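What TrEMBL records for HIS34, LEU36, GLY61, GLU82, ASP110, ASN125 is S-adenosyl-L-methionine binding site. According to TrEMBL, the compositional bias 'Basic residues' annotation covers 1-10. Annotation source TrEMBL lists domain 'Ribosomal RNA adenine methylase transferase N-terminal' at 41-210. Per TrEMBL, the feature region 'Disordered' maps to 1-23.
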Amino acid sequence: MAGGKMKKEKQKGPRAPSNHYQGGVTFHKSKGQHILKNPLLVDAIVQKAGIKTTDTILEIGPGTGNLTKKLLEAGKNVIAVELDPRMVLELQRRFQGTPFSHRLKVIQGDVLKTDLPYFDICVANIPYQISSPLTFKLLFHQPAFRCAIIMFQREFAMRLVAQPGDNLYCRLSVNTQFYARVSHLLKVGKNNFRPPPKVDSSVVRIEPRKPRPEVNHKEWDGFIRICFIRKNKTLGSIFKQKNVLSVLEKNYKTLQAVQSSQNASLSENDDMDIARFGDQSMEEDDGMDVEMDVECDEAEGAEGEVSEFKNKVLSVLKEGNFEEQRASKLSQESFLTILSMFNKAGIHFS
């Protein structure tokens, strides 16, 4: 039974370490299937969610329905998205013929490829490998929901809530907190799951900001990506790098040419051949600080003539006293200020 003690008995035959059972269903650790077995933890998650009796709840990864039952008791109805057809069948069997059956809708499919319906609250115990893409899928979901309560791998969760100056503060922290208020709710040990994962977990609350920030999504993402090439280097050092200047100058010349010939606004030219630094989108950011191998041209000023465009870029940073600042220490407001200054100077990142 969930939450009960199991007798430790020696197994006569070999037992696959990656498979565990509940109600005849085999759980596969390789697929990220870790079912909550602690009923006190399930109750705590529901309580932290602040569910209203009128709420439509989106549950991602319901498994065998331990959490689903509590959500049905608290809210108006539950929409459960489950990839594994065996789990879908188990859910249907569990609630068939109960008072909850007409208030539960089960969608079989990959949540990342599913058009999500309207919901007020999201509760999710997800495979950790989809943490980042799912987070940003939810943040850009319309209409905006009230909050999401999600179980993440501990380190990923701490990156989400990290503040400027923290060791774990990274591009993931900035992007997530730009679009939402994020708070850490619960620490969850690995023994609360069946089968237990290799790492501990945390429950995080995500509340989309309303109204959403009025910033071009691709522009913001491109700018933050460059700032965090090496988060502990000064912005002046980062924006002197040849690869960075090459991308920005290409964008600058392209936009100037288009604006002069067509008098078109940026928003009307989303399909132009605009360069972007790196090829990792915001949704693919796993929160790990991977420093890009870029060639630095800081010695160019001493050995040769400094380009006019390079001076233009650095003058923006100097004007706002940001040249000696580091991304690892900057707040959301500072990043917004710098981006606005660059854009006013005609320098764009998407």
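Any Cβ shown, glycine's included, is placed from N, Cα and C.
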Fewest-neighbour residue among binding-site residues, criterion Cβ within 10 Å, set GLU82, ASP110 = ASP110
Across the domain 'Ribosomal RNA adenine methylase transferase N-terminal' (41-210), what is the average pLDDT of the model, as a whole number?
-> 95
Longest CA-CA distance among HIS34, LEU36, GLY61, GLU82, ASP110, ASN125, per record bound to S-adenosyl-L-methionine, angstrom | 20
